[in-house]
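> Here it is, the structure in full.
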């Protein structure tokens, strides 16, 4: 079967796996306030009030529970059968989940279907970034891996409008039709992946060197087997793979050894902090926020949809400039801005909010109502919060973890760090509804904490070959088990990185047949000598 090596095509097809997560998010947020859903799954004493708060939390969180379990297992699947086949397996699982969800006869069946859907999201969210990062050149890696977040935002927006349109239907069709339509992108993903190559680094780890070289020629050499870039990349992969094989057998426990514990903690907290920004809570329950702001009916749904449009549009700047600006500044700016809007929202609700016993419009999660200028302020701060997350923590939380780890550990490492995302996604989805009125100030505090953490512990990886990032963490001139201090890593680069800027090959390859890994320079260290 003919395979295509254009890195943009590879990214465009594989990130559909991220789009499935977006479909799931808005398929709930647009539907949970609708009469079709609330009447069919009613648990209250009154008709059409929907599931109880704890049950609704369990329904939303069930997807994250499946994602958490599958993300952990995805490392074994990916390392054993390949990145490509792991993603294709995820697509098949999603189709099965959609069939069950759209045919749900009761809450238990709905939860089972969402758990199965979550298993797909867990696999794809962990392995799509790994797959793209192992195929993309360093200067394009950020925007290509970050495109997964863009796919998520597109999935959220498209599914919201589909669900909004279907909400005009009567009865269970209002939720069955959109949930069934979710399987279409998974079918596209399944068949699209058949025409894409396997990761060259995974092929190398299985000693399939001829296939590895063919993929490099296809993707990076544009069909030219004599390409200098292909020669350097092939050699570098081979050198570092030999070094990795000299160490003990790789397992999840390896992540907690002194050599890797710092990288593990950074990757894990990248995913945890992305959840503790509160963004996914806003996506799931935005209709509750705007209900407190006094919006109802179609106005409520249309106003809620604006944040999804903002999410899509504001992710684009990150895809354009993320490799130029870098990971650290992007994360620091994002968390600072989000903290500002969250504290502003909390202040407005505390100062001008009026408590409504039983909840606004009978929705128990919406216990506070604001009107007038305060209502507009809550809506504006919510939009600004989304606009601050979209170009910063949204894409970087997927770009960053795969860049931290060496080749043989990358599949398991990203699977483990992504499991942190889903563990907190589950906890927030389940526990937030009962405590919704107090949640903005808590997330604001988290945003301040993550700003401090990123500044002192998160190194810069933008534009650096994956093998060079390992050198940076293991720099003998740096801090033991940490390497180069995070705030000094911007100018840490290797001679191999210059090739991407168009300099001659003679400056890239070691002289005199030297078989050692590609040399590097630590500019900050030189300045201090």
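Heads up, the Cβ atoms here are built off N, Cα and C, so glycines get one too.
What TrEMBL says about a protein is an automatic prediction, not a curated fact.
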> From the ranges 235-258, 259-282, 331-354, pick the one that TrEMBL records as transmembrane segment.
331-354
> Identify the transmembrane segment range according to TrEMBL, selecting from 50-70, 176-196.
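Comparing 50-70, 176-196 with TrEMBL, transmembrane segment matches 176-196.
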> When only pairs 6 or more apart in sequence are counted, do the transmembrane segment (111-132) and the transmembrane segment (439-458) reach 3 or more Cβ pairs under 8 Å?
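Contact absent: fewer than 3 Cβ pairs fall under 8 Å.
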> Can you work out the mean pLDDT of the predicted model over the domain 'Major facilitator superfamily (MFS) profile' (10-462)?
87
> Go through the chain and flag residues at least 6 beyond the ends of the transmembrane segment (7-37) whose CB is under 8 A from any CB in it; none is fine as an answer.
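Long-range Cβ neighbours of the transmembrane segment (7-37): 48, 50, 56, 59-60, 63, 87, 90-91, 94, 114, 117-118, 120-121, 123-125, 127-128, 131-132, 135-137, 140, 144-145, 147-160, 163-164, 167, 169-175, 178-179, 182, 185-186, 188-189, 192-193, 195-197, 219, 280, 283-287, 291, 300-301, 304-305, 308, 363, 398.
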> For the transmembrane segment (374-401), find every same-chain residue at least 6 residues outside the stretch whose CB is under 8 Å from a CB in it, and list them.
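Apart from its flanks, the transmembrane segment (374-401) reaches 18, 125, 129, 133, 141-142, 145-150, 152-153, 266-267, 270-271, 273-274, 277-279, 282, 286, 289-290, 292-295, 303, 306-307, 310-319, 322, 327, 330-331, 333-335, 337-338, 341-342, 344-345, 348-349, 351-353, 413-414, 417-418, 421, 458, 461.
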> Verify whether three or more Cβ pairs under 8 angstroms connect the transmembrane segment (413-433) with the transmembrane segment (86-105), leaving out any pair fewer than 6 apart in sequence.
no
